[in-house]
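Participant: Would you mind keeping the following structure in view while I ask a few things?
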Amino acid sequence: MRTNPTTSPPGVSTIEEKSTGRIDQIIGPVLDVTFPPGKLPYIYNALVVQSRDTADKQINVTCEVQQLLGNNRVRAVAMSATDGLMRGMEVIDTGAPLSVPVGGATLGRIFNVLGEPVDNLGPVDSSATFPIHRSAPAFIELDTKLSIFETGIKVVDLLAPYRRGGKIGLFGGAGVGKTVLIMELINNIAKAHGGVSVFGGVGERTREGNDLYMEMKESGVINEKNIEESKVALVYGQMNEPPGARMRVGLTALTMAEYFRDVNKQDVLLFIDNIFRFVQAGSEVSALLGRMPSAVGYQPTLSTEMGSLQERIASTKKGSITSIQAVYVPADDLTDPAPATTFAHLDATTVLSRGLASKGIYPAVDPLDSTSTMLQPRIVGNEHYETAQRVKETLQRYKELQDIIAILGLDELSEEDRLTVARARKIERFLSQPFFVAEVFTGSPGKYVALAETIRGFQLILSGELDGLPEQAFYLVGNIDEASTKAITLEEENKSKK
């Protein structure tokens, strides 16, 4: 099999070197193309069909070579709709894989899978481009030091810390605050780490992509007045796109993130929403390419495809890519091959709870369901680990007592249990936090809380030093000193009412 070298030089070969073929067969988004003998393109080469349809409209379809069939024929998958294509149309081999613009020019802009801007803000400076198929970093380039990626969000940093260069699964239904959490992380990485973010919308609703863009403009994550000062690049391949585009849009976003890591030496946050749609698109393409399906109808190459994407997300000695991936679980079946393959790559899971959101506790991260492989004494230190374990134990005990409280009331509990409940309720409220990107909705200024401050705050609650403060004082504050100040303010307000 002729495969394209993954470190192929950027750009497209000269006109003289380009070979042309003709379309033989079209089955949905899959094209069979015949080339002259000895002029076959490599696997993953980009092919371009430029012609006019019967209504004399310009057709411009880019495809990617997937199989060499023999007899000088190749099978390619289209990255856009194949409407208007006919047998016999001319196909040009570009001589290189799909390449997309990278660098600062991508910030604040929306791209499609081909790296073309789709936001009507004019062309993008494409002097720097990278091919979307690239090798994962070599072993000697990897940074093996286990370090925490501080987000400034208390519940995440304390109970399910993110690994620098790790992969995090974000689980949550509609309306529990996934988008706001994503935007806050984008904002915090820019402020605290001087980093940038890339958002890959893979096979999700176009409306949601538009809403996210509008909210980012409103909150200042995308700076309309000075677009270069934006903190994020957006790449969309939504659910109305052909499977080829949905299968490759994740790689386009990852390629843009790799440039910031390798060339600009920055810490990058890569969001993929939704990683399941990447697998789903691969499954559709696999069937169209005539491969025998594997378990539950998925592609036989599921693990390989997932691995080739996930292994490129890593920390190197130059910088890091930390990835947060929304994971859809079909029919809530965690043993389904798609989520099961994803879980193998994750370092942490952040689970958003509808119950907490309904109580008004934001971020609505479930402190007991969210997990992280980083929460070990040798990585985070004994103080952090023991504080996190005691917080979880207190919340777990409160959860167990809730049924008794509902039936018999608080008065029937022992003195020790009543104290546990009081502290758990304070902890629950202290896990909430005002976000910078939510200032426009809440009116309260956002807070970035350093990890040391977070640990100190929870230690004070657990030690009983703050048992005298009302639980409302802990709601939507930053560090623990703000809770003490808020308690004094509340007390003064109550006195003035009397």
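Placement of Cβ uses the backbone N, Cα and C atoms for every residue, glycine included.
Residues or ranges marked as ATP binding site in Swiss-Prot: Gly172, Gly173, Ala174, Gly175, Val176, Gly177, Lys178, Thr179.
In the displayed structure, how are the listed features positioned relative to their neighbours?
Facilitator: In the three-state DSSP reading, Gly173 (ATP binding site) counts as coil. Neighbour count (other Cβ atoms within 10 Å of the Cβ, all protein chains): 11 for Gly173 (ATP binding site).
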Participant: Give the three-state DSSP assignment (helix, strand or coil) for Lys178 (ATP binding site).
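Facilitator: Lys178 (ATP binding site) sits in a helix per DSSP.
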Participant: Validating a neighbour-count step here. Other CB atoms within 10 A of the CB of Val176 (ATP binding site): how many?
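Facilitator: Step by step: centre on the Cβ of Val176 (ATP binding site), count other Cβ atoms within 10 Å, giving 23.
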Participant: Looking at the binding-site residues Gly175, Gly177, which one has the fewest other Cβ atoms within 10 Å of its own Cβ?
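Facilitator: Sparsest of the binding-site residues Gly175, Gly177 by Cβ contacts within 10 Å: Gly175.
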Participant: Could you name the residues, excluding Gly172, Gly173, Ala174, Gly175, Val176, Gly177, Lys178, Thr179, of the same chain that surround the ATP site, i.e. Cβ within 8 Å of the Cβ centre of those residues, in sequence order?
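Facilitator: Those within range, site residues removed, are Leu352, Ala357, Ala364.
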